[in-house]
């Protein structure tokens with residue numbers, strides 16, 4: 001803290017600058033090098049996306065024989081239907097949705113209830129319980145894969161999407177519980193006292209009073225967890241030993257195999273489908289996504 | 001009042017399901033996995049006791065040594081890259097773009113939400129030399145250089161991996177660190193400028209010490225994530241060429257599922273866990289000391 005005090009104290013007595021101090025904060029990027037850096041940044045961020053999209057519209061010949069910079073000679077929109085049907089991307093997207101949606105719903109429900117119990121309710125041992133949940137964030141998922149594989153295999157769940165749903169809920173709960181408990185910290189307990197005096201039980205107060213209050217937090221946590229689960233490769237790769245159960249990520253990783261020889265157009269179309277899905281969500285909810293993901297990091 | 005908020009039945013109903021699922025999916029398997037380390041075999045063929053053989057094998061296995069070294073090297077380079085690139089971007093946002101930075105911030109952040117597999121495949125094609133000369137090699141050719149087979153040697157594949165993971169995540173760290181920089185009061189900066197501190201001196205003497213806490217938490221978060229790297233390597237190089245870019249996570253996966261050795265796989269997973277905990281502890285200790293001294 002000494003570092004702040006020193007300049008403040010000497011500010012009055014310090015030598016007056018010969019010319020007005022340069023104030024970078026005041027100049028709004030009108031320097032040449034700032035413009036160059038920003039332009040470079042834009043190219044680095046956006047060009048790969050454009051290149052990927054243009055390539056997804058090329059025929060195999062066009063891709064292999066013409067310059068990588070060129071526009072498609074013929075615009076092969078058929079690559080997308082090819083990827084969706086022959087490449088099975090349609091099936092994979094469906095599998096992903098069937099795993100992600102129930103997992104997300106279950107995780108939010110359980111996590112919010114637990115967050116409420118840990119933050120609003122008053123009982124001995126709740127900070128210890130929260131710590132137990134937090135420990136789950138430190139341990140790498142490799143530590144739980146093999147026993148879970150055995151359990152899913154023995155119970156006959158292996159041929160279904162249930163292993164994915166259950167594992168996603170379990171691995172997502174620590175962050176969900178922690179973030180929801182943090183959000184409940186801003187809700188005063190008196191609110192629930194009032195609600196229960198009016199005759200509602202505490203469980204009812206949780207459902208009808210507290211849930212509407214943390215609606216925003218639910219959306220934020222839901223978004224963060226959606227991206228984690230949707231983009232997951234490790235768990236999906238471990239538990240989908242059947243081709244028909246592949247999620248979009250596992251399917252994309254093995255995409256080349258399904259055609260025999262590599263079909264570059266459909267491959268890029270498949271990458272595009274995968275990317276544009278998440279990009280679309282980001283387009284509409286980017287501020288929420290940025291806030292959610294970074295707050296998850298600071299707390300985790 | 002406390003009778004209502006301390007209602008044991010309600011607490012059990014609210015907390016029970018989450019605690020049960022968490023215990024069954026996370027806590028029990030962790031202990032169970034520990035037990036697997038002393039066995040040999042897999043789910044299909046059954047397990048047999050193996051004593052401490054897996055642990056002595058772990059100590060002698062050159063593949064483990066390589067994978068551990070690769071994991072640490074990768075984590076160190078990517079963590080440094082992510083946090084430095086993010087910090088430079090955050091400085092750019094705060095000091096040079098100010099109002100105009102919202103759009104750039106949002107734009108540089110977007111690769112964070114992209115599926116890693118898609119990004120991995122994209123970079124693979126972006127840096128490839130055959131069957132098509134990718135954009136990076138085309139650019140090298142246009143500048144008069146020979147094409148480089150980036151994925152032909154472990155060294156160059158490693159750098160493509162680094163570039164990709166920094167590209168993917170620098171926007172994230174930029175936003176994280178931006179939040180820390182915006183919190184620095186204007187008066188502090190103003191008075192430092194009146195003292196004649198400009199440019200680098202201002203950043204080194206004033207901005208850097210004041211943003212140290214958020215810098216440290218970025219570091220902790222980054223190292224924790226990079227030690228567990230899996231998706232991006234599987235998608236970009238799948239550990240190759242040879243085993244040149246194989247981290248512990250991938251070696252554990254291959255041992256378990258390609259070679260069906262769950263016992264040894266669990267032992268590698270345990271090593272990974274110990275490494276993660278130890279590194280986190282060290283970084284945490286160091287950051288605490290820095291904060292109290294600063």
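If you go along the chain as it appears here, the first residue is 1 and each next one adds 1.
Positions of Cβ are set from backbone N, Cα and C atoms, glycine also.
Please treat TrEMBL annotations as automatic predictions, because they have not gone through curation.
Residues or ranges marked as domain 'ABC transmembrane type-1' by TrEMBL: B:68-283. Sequence annotations record features per position, and here TrEMBL assigns transmembrane segment to B:12-32, B:74-96, B:103-123, B:157-182, B:202-223, B:262-284.
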- Message: Which range wins on Cβ pairs under 8 Å with the transmembrane segment (B:262-284): B:74-96, B:103-123, B:157-182, B:202-223?
- Response: B:202-223
- Item | Same-chain residue ranges lying at least 6 outside the transmembrane segment (B:157-182) that approach it to Cβ under 8 Å | 73-74, 77-78, 81-83, 85-87, 89-91, 93-94, 101, 105, 107-112, 114, 116, 119-120, 123, 127, 150-151, 207, 211, 213-215, 218, 221-222, 226, 229, 232-233, 236-237, 240-241, 244-245
- Hey, which bits of the same chain come close to the transmembrane segment (B:74-96), Cβ under 8 Å, at least six residues off its ends? 104-105, 108, 158, 161-162, 165-166, 169-178, 180-182, 203, 207, 211, 215, 218-219, 222-223, 226-227, 229, 247, 279
